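Asks: Can you read through this structure? Questions will come right after.
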Amino acid sequence: MSDAGTAPRGVGVVVVAAGSGTRLGAGIPKAFVNVGGRRIVDWAVDGARAVPGVVHVVVVVPPAHVEMPIPPRRDVDVEPDPELTEALYAGAAADRVPVTVVAGGAERSDSVRAGLAALGTDIDIVLVHDAARCFTPAAVYERVIAAVVAGDRAVVPGLAVVDTMKVVGPDGLVVYTPDRSRVRAIQTPQGFARVALEQAHASGVHASDDAMLAEECGIPVRVVDGDPLAFKVTTPADLDQAHKLLASAPTLWVIGGLPGTGKTTAGRVLAAEEGATHLRVDSIEVALLGAGVDEVTSEGYAALYAVARDQLRLGGSVVADLVNPIPLTREALRAVARDAGASIREIQLVCSDAAEHRRRVENRAADIPGHRLPTWADVEARQFEAWPESVTIDTAGLDVEAIVRQIRGRVPEGRG
Ligand SMILES: Nc1ccn([C@@H]2O[C@H](COP(=O)(O)OP(=O)(O)OP(=O)(O)O)[C@@H](O)[C@H]2O)c(=O)n1
Ligand SMILES: C[C@](O)(CO)[C@H](O)COP(=O)(O)O
């Protein structure tokens, strides 16, 4: 158990995905049903591994699926670089969180026990999460973890109920009506000091959630705020809701590339057409310098991530206009989208005609007061690593309308 107020050694998440999905009736295990181009279990695993503090995810699947491929982990160098701020690393480590796949059991509690047994020994806080609650926001995980770190041994997220509740007997007659203001609909992730969860499961009995087993051992269970987005995909109507949710999610458009490739011109038009916020890193950097920051390295990017996250969380789409030169900055932007439940579209603009590119760089006028425009030599010397996750659009000979048409037509929707 972690002592009150001490930092945990490690948080592990057991994602239970071994159910059959009888009520959904999809003909395949529910966690393997596709939503927005990905399996329900992939959404859930990605959500769990992106939570700060999580160091291991165990996903529990039906025995026949134990060889399932895990969503790819990208190779990103996240070794701290003293030149870069912490914020640049935020989320970049998510793809490095190891994922172990194990076979589940006949009942949910059997599957939880299988997952618990596979967690690393460095884990002292365990979250048990239903794969079926695949769009649970990071904030719910964070509230649960914070309460366990603060000393609670068992913590569950819950929502107030809107209907009047009745406890009904086997004869169909109402036994009593609980005071609705004291009733909560309980969600996952449910968080535990590891020893408490092990104690709760030691009897080997079954329960519809893990907290109930803890209650039976006399362990106090705290309820923190849940979130409607943590709904459980159970019936076809829930699956419909999941599809609709994705269709209405905001988009983070990332328009990257060297100076002079057309990012700002295209980004402005795209933002206007999409009703999105245009976030231009050049403007932020000039503002930081104007406000007294001596030299800007990663600060402008860090500020852009924060503002983008706020906009996306409010449901507004964002066009991020920045060079985005290295895997680290690209990962950080994916983490922003992931945190906000937004989709991401990554576009790299290039100009294959060097003469035209040079003309653009040398002939443009500064449109941000105080902005020192890069020279052609600066552009030629600029570091820019391969960006395989992006769609590349060659802007040579294209006007802005044609560039935006290509952006819209060619860029597949991805996840953060
Ligand atoms: N033997 C089981 C049963 C359930 N679960 C998981 O527990 C979570 C909550 O269960 P539920 O939503 O009821 O899923 P199913 O059991 O698959 O659905 P149904 O009850 O409709 O068959 C799901 O993520 C499910 O995959 C599990 O890992 N092992
Ligand atoms: C754990 C749970 O999601 C909390 O609400 C729920 O009890 C799972 O029950 P299910 O019957 O396995 O869906």
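Each residue, glycine too, has its Cβ placed from N, Cα and C.
TrEMBL feature annotations, pasted as is:
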| type | residues | note |
| --- | --- | --- |
| SITE | Arg23 | site 'Transition state stabilizer' |
| SITE | Lys30 | site 'Transition state stabilizer' |
| SITE | Arg180 | site 'Positions MEP for the nucleophilic attack' |
| SITE | Lys232 | site 'Positions MEP for the nucleophilic attack' |
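Describe the structural context of these features.
Replies: According to DSSP, Arg23 (site 'Transition state stabilizer') sits in a coil region rather than a helix or strand. Long-range Cβ proximity for Arg23 (site 'Transition state stabilizer'), meaning a same-chain Cβ under 8 A and a gap of 6 or more residues, is found for Thr234, Thr235.
Same-chain residues at least 6 positions away in sequence with a Cβ under 8 Å from that of Lys30 (site 'Transition state stabilizer') are, in sequence order, Gly19, Ser20, Gly21, Leu24, Ile40, Ala131, Ala132, Val233.
Within 10 Å of the C-beta of Arg180 (site 'Positions MEP for the nucleophilic attack') there are 12 other C-beta atoms, taking all protein chains into account. Secondary structure from DSSP puts Arg180 (site 'Positions MEP for the nucleophilic attack') in a helix.
In the three-state DSSP scheme, Lys232 (site 'Positions MEP for the nucleophilic attack') is classed as coil. All chains included, 17 other C-beta atoms sit within 10 angstroms of the C-beta of Lys232 (site 'Positions MEP for the nucleophilic attack').
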Asks: According to DSSP, folded down to helix, strand and coil, what is Lys30 (site 'Transition state stabilizer')?
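Replies: SS state of Lys30 (site 'Transition state stabilizer') = helix.
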Asks: Anything from the recorded sites Arg23, Lys30, Arg180, Lys232 with its Cβ under 6 A from ligand 1? List those in sequence order.
Replies: Arg23, Lys30, Lys232
